[in-house]
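**Student:** Annotations per TrEMBL:
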type: TRANSMEM; residues: 12-30; note: transmembrane segment
type: TRANSMEM; residues: 59-82; note: transmembrane segment
type: TRANSMEM; residues: 123-140; note: transmembrane segment
type: TRANSMEM; residues: 160-190; note: transmembrane segment
type: DOMAIN; residues: 210-337; note: domain '3-oxo-5-alpha-steroid 4-dehydrogenase C-terminal'
type: TRANSMEM; residues: 211-237; note: transmembrane segment
type: TRANSMEM; residues: 294-312; note: transmembrane segment
């Protein structure tokens, strides 16, 4: 079951990456395909409004409602499974597991990639808890910003294909972060539910809330996890600032009915720093995962190619809109692109 979930997710990410890569090829042979992909992905100010298959951009709210509910469900279920079934306590580290401990269960430097010892398996599960915790921070903040920071214009639209892509992304991304242990977590949930149905509520053991027992194993993870978490928080904080800047411009637009050039934070270097911050966020998740899961690599790849493509469209819009637009700003990668 684990392999089936991973295969489906990997196939989905590849199916999302390839069309964007093809549309990004600078050749006249692919211009029509580029316009097609742009029409699907453009939204807000870059949307052409020439399609009947659009929905209001304020439907972004749906993405984050789905993301919060789904990520919270996966987090709580995985955390409960980790606490009850695979506790991470003090155990002697033998020579063969020292590298795995230091890298947080990563097999990057190991010759034995096909099997995990029980000790390493426990690391993988608790590492997944950390990844889902970080994702939880991200989706809750995005939900808050959608409600309280961004005031989408009634004329702002996005293609319905982009809408369904967003719903898919915020369903598949959290699942990709936990795909390595999802089958055993599902089996645990099914077994617990069956036990509850057979025994009844009165005969079930009382669930004790041991906060230290739930949190302490996270402190025993390797340095890969904490470097990744630090990178994640760095991107998270910058995206929050950039979204606040964009939100203030929307307030300004309501007063003047005109767009303005954003300034401040990473806007001084690139046109789409919120996209850059998103790539940093998922790069942090990739590092925290240990870098050994192809599914998470493909998730990160989709985020990068999708946002680079969208940033290029936004950059072209800014240049067309403003004659005095800063020429030193890249689209999304400082001093590179």
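Placed from the backbone N, Cα and C atoms, the Cβ positions cover glycine too.
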**Student:** Can you name the far-off residues of the same chain, 6+ from the ends of the transmembrane segment (160-190), with a Cβ under 8 Å from a Cβ of it?
**Tutor:** 1-2, 5-6, 9, 12-13, 16, 40-43, 53-55, 59-60, 62-64, 66-67, 70-71, 74, 77-78, 80-81, 84-85, 124-125, 128, 131-132, 135, 139, 285, 289, 293, 295-296, 298-299, 302
**Student:** Cβ under 8 Å to the transmembrane segment (294-312), counting only same-chain residues 6 or more beyond its ends: which ones?
**Tutor:** 6, 9-10, 13-14, 16-17, 20-21, 23-24, 37, 41-42, 46, 169, 172-173, 176-177, 179-180, 270-272, 275-276, 278-279, 282-283, 285-286, 331-333, 337
**Student:** Cβ under 8 Å, sequence separation of at least 6 from the ends of the transmembrane segment (12-30): give me the contacting residues as numbers and ranges.
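**Tutor:** Distant Cβ neighbours of the transmembrane segment (12-30) are 36-38, 165, 168, 172, 176, 295, 298-299, 301-302, 305-306, 308-309, 312.
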**Student:** With a Cβ cut-off under 8 Å, give me the same-chain residues at least six positions beyond the ends of the transmembrane segment (59-82) that come close to it.
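**Tutor:** Residues packing against the transmembrane segment (59-82) from afar: 88, 122, 125-126, 128-129, 132-133, 135-136, 139-140, 142-143, 146-147, 150, 152, 158, 163, 166-167, 169-171, 173-175, 178, 181-182, 184-185, 188-189, 214, 217.
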**Student:** Sort the residues of the domain '3-oxo-5-alpha-steroid 4-dehydrogenase C-terminal' (210-337) into helix, strand and coil with DSSP and give the three counts.
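**Tutor:** Helix (H, G, I), strand (E, B), coil: 92 helix, 2 strand, 34 coil.
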**Student:** What average pLDDT is reported by the model for the domain '3-oxo-5-alpha-steroid 4-dehydrogenase C-terminal' (210-337)?
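**Tutor:** Here the predicted model's pLDDT, averaged over the domain '3-oxo-5-alpha-steroid 4-dehydrogenase C-terminal' (210-337), is 90.
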